[in-house]
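Now, the feature entries from TrEMBL:
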- 59-193: domain 'Peptidase S54 rhomboid' (DOMAIN)
- 17-35: transmembrane segment (TRANSMEM)
- 68-88: transmembrane segment (TRANSMEM)
- 100-118: transmembrane segment (TRANSMEM)
- 124-141: transmembrane segment (TRANSMEM)
- 153-170: transmembrane segment (TRANSMEM)
- 176-195: transmembrane segment (TRANSMEM)
- 207-226: transmembrane segment (TRANSMEM)
Amino acid sequence: MDYQTEMKIKRFFKQPLLTYAFLGLQILLFILMTFNGGSTNTHTLIEYGAKFNPFIVLGDWWRLFTPMFLHIGWMHLLLNSIILYYLGIQLESIFGHWRFGLIYLLSGFAGNAASFAFNNAISAGASTAIFGLFGAALMLGKTYPNNPAIQQMSKNFMLLVLINLVFGVFDSSIDLAGHIGGLAGGYLLATAISTIDPLPRWKKRRLQFGGLFLVMVILLLVIGYVRTRFLF
């Protein structure tokens with residue numbers, strides 16, 4: 001392999017490939033939903049995998065993953081896509097592809113688990129995973145207090161988080177539980193899988209935060225199951 005080809009390959013893999021893949025997948029699914037009843041149609045949403053608590057209890061546990069790729073209306077898709085692109089191009093280069101992917105997918109799962117536990121409505125949207133990325137950015141801000149660029153990024157994202165959470169308190173259409181669950185999941189996961197410091201104290205911290213993430217998700221799933229199965 002010649003030098004130029006090698007450099008082209010390296011440049012290609014330095015691109016935010018997973019960010020592009022997640023964006024492409026949610027746009028593709030939105031198009032498919034549009035031609036199959038519409039993205040605001042309840043039947044279509046359920047058919048494509050929106051979070052629907054009764055079906056989750058009956059065994060559709062995959063509905064804790066699929067909602068993060070579905071959107072209700074074009075404005076919902078547009079706003080989440082813009083935020084995902086802006087966050088993704090920054091954080092994927094910092095965490096690397098596989099860590100970024102794990103944070104996105106598993107914090108989205110955690111957010112949907114929180115929604116399952118505390119929100120009975122049908123829900124969909126990338127915001128659970130996006131809030132996970134916010135949580136990861138806040139983790140970076142705490143970990144690198146002397147890095148001006150990361151501090152500025154973290155402060156900007158903190159402002160967006162606060163604005164979104166305030167809106168969520170007053171707007172019942174916003175899945176506040178899902179946002180908070182994703183935020184907490186992203187923070188815990190980013191701490192658990194990052195390689196900031198090879199020293200034993202950091203390894204212990206990674207295990208602790210990874211354990212906290214697992215405990216949080218299990219508790220949310222139990223709460224969601226009990227509430228849906230026995231209380232509603």
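In case you wondered, yes, glycine gets a Cβ from its N, Cα and C as well.
Note that TrEMBL annotation is computational and uncurated.
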Remote residues contacting the transmembrane segment (153-170) - C-beta distance under 8 A, at least 6 residues beyond either end: 87, 90, 131, 134, 137-138, 140-142, 176, 179-180, 183
Per Cβ pairs under 8 Å, the stretch of 17-35, 68-88, 207-226 packing most closely against the transmembrane segment (176-195): 207-226
Interface check, the transmembrane segment (17-35) with the transmembrane segment (207-226), three or more C-beta pairs under 8 A: no
Candidate ranges 100-118, 124-141, 207-226 - greatest C-beta contact count to the transmembrane segment (68-88) (under 8 angstroms): 124-141
Within-chain partners of the transmembrane segment (207-226) [C-beta distance under 8 Å, separation at least 6 from its ends]: 53, 56-57, 106, 109-110, 113-114, 116-118, 181, 184-185, 188-189, 191-193
Intrachain residues whose Cβ lies under 8 Å of the transmembrane segment (100-118), provided they are six or more past its termini: 18-19, 22, 51, 53, 56, 63-65, 67-68, 88, 91-92, 126-129, 131-133, 135-136, 175, 177-186, 189-190, 193, 213, 216-217, 220-221, 223-224, 227-228
